[in-house]
Amino acid sequence: IGEPHTEALEEPVDKGGDLVYSLNDRPPWYLCILLGFQLQHYILAFGGIIAIPLILAEPLCIKDNNAAKSQLISTIFLVSGLCTLMQTAIGTLPILQGGTFSFITPTLAILALPKWQCPAPKAPGILSTPLQNSTSPLQMEDSDEVWMSRMREIQGAILVSSLLQIILGFSGLVGLVLKFIGPLAIAPTINLIGLSLFIEAGKKCGGHWGIAATVGLILLFSQYLSKVDVPMIAYKDKKWKVFQYPLFKLFSALFGMCGGWLVCFLLTIFDVLPSKSDEYGYSARTDISLEAVTNSPWFHVPYPQWGMPTVSVSSVLGMMAGVLASTMESIGDYYACARLSGAPPPPTHAINRGIAVEGIGCILAALWGTGNGTTSYSQNIAALGITKQVGSRLVLQTTGILMVVLGIFGKFGAVFITIPDPVIGGMFLVMFGMIAAVGISNLQYVDLNSSRNLLILGFSTFSGLVLPSWFHSNPGIIDTIQELDQVIVVLFTTHMFIGGFFGFILDNTIP
């Protein structure tokens, strides 16, 4: 117990011999823009970033409010860009910041409380056709207050709980925490982040399972065709050259999503998909939310726009579970990023600084009203390992600027609203499955022949599934003081809190 649990982090350093641009190199400006996209830093990030507002839309009661969803997407892109610039300027590693799924589970638990249940639909006043889905101004005003009040509650929870991350960073307590949190606590925590979201993936895929199967395109490009290089032409040294480029490996997520989108578009224009909203397959149409693009402004500067955040004890305590999970994940990311970018293992003071900056980033996200926090993106660190070409902070700073610019470009956020639900569901299958698998991967440093370790892992993971399920099936079972009831319900319906708590206690008490 006395030694820090960093055996999973301190692996041999890659000296950066394969890197064309190392940590502090400054590629030409035009190359920075190209590499910001080309290395999939942007492409890998946007899948996870747009997923968060789309997941939160239903529990926030903005399922049919495309304008609000568009604003949320633009806001989270802008804040992610600002946090990336801040992290790469203050820190020393090329780490991209974006929305975190660690905050999704406690957010869903908070919004599942009885007082935040969505109201029943009002009298019909909504025109729904495949080409139009509009709401009267009066209804829109009422619905805005419904979801904004929920957003303010989430903002307040993230705002206060992020102070814990700042305290851990600036006080240097991260090193102390690492002494007690090992792989057997981390594995069920992160694993349950992915497992707890299977219902959200199922809802989206259920719109049309055939369309959701286009997720196979992502598997095709990222796995089966990953070693296939595509010949491309470039002008260098005053002559044209042909070079081999791993196109499918780098753009697998983008190609897979666009492939599913194209299939839905073709099925829509040829009227293969049903035109009535109550028929199976309607949600796969690409013309349901076209008004989101036409009605959105060309330019919109996101700002703290939803009102004064509200704070409650139950929401803050529940969100702290997400903060701790995000912190543990980021520490592992720092070591991995240093190794792949050719930098030495980060010293403790650098880790403390990085965690504190992430806490500040979460506060910015809360103030702007993204409904989420920010954290380091493991997918983009993986891009360094895939390409072995660029580890420059300047490239990531360029990516951050691009995210800010596109966050201001209103039409950009609106375009993603038109992605059919089944296509998003297919992305969720891969995305959430990978999160669960990343949690399990922490066990590679654990003796799985030990009955002690197997017991801790199995009990903590299974408890993280059973207890929240039971609480959801028995609403109102806890009936004491209202505030205390809410604290208990939020904590015990947060899967990763249950799994991480039991993993932590058992790992540090069982000999």
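Glycine too: its Cβ is placed from the backbone N, Cα and C atoms.
Where the annotation comes from TrEMBL, it is an automatic prediction and has not been curated.
Copied over from TrEMBL:
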type	residues	note
TRANSMEM	28-56	transmembrane segment
TRANSMEM	68-89	transmembrane segment
TRANSMEM	157-186	transmembrane segment
TRANSMEM	206-226	transmembrane segment
TRANSMEM	247-270	transmembrane segment
TRANSMEM	306-325	transmembrane segment
TRANSMEM	394-417	transmembrane segment
TRANSMEM	423-442	transmembrane segment
TRANSMEM	454-471	transmembrane segment
TRANSMEM	486-506	transmembrane segment
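Under 8 Å from some Cβ of the transmembrane segment (423-442) lie the Cβ atoms of residues 8, 47-48, 51, 54, 101, 183, 186-195, 197-198, 200-207, 211-215, 218-219, 253, 256-257, 260-261, 264, 284, 378, all in the same chain and six or more residues away from its ends.
Listed as Cβ neighbours of the transmembrane segment (306-325) (distance under 8 Å, sequence separation of 6 or more from its ends, same chain) are residues 100, 102-107, 109-110, 113, 148-149, 151-162, 164-165, 189-190, 193, 359, 362, 366-367, 369, 373, 483, 486-487, 489-491, 494, 496-497, 500. Contact between the transmembrane segment (68-89) and the transmembrane segment (394-417) holds: at least three of their C-beta pairs are under 8 Å, each pair 6 or more apart in sequence. Among residues of the same chain six or more beyond the transmembrane segment (157-186), those with a C-beta under 8 A of the stretch's C-beta atoms are 1-6, 8, 103, 106-107, 110, 309, 311-312, 315-320, 322-324, 326-328, 331-332, 348-349, 351-360, 362-363, 365-367, 372-373, 439, 442-443, 445-446, 453, 456-457, 460, 500, 503-504, 506-508. Same-chain residues lying 6 or more positions outside the transmembrane segment (454-471) and placing a CB less than 8 Å from one of its CB atoms are 109, 184-185, 187-188, 191-192, 195-196, 443, 446, 448, 477, 489, 492-503, 506-507, 510.
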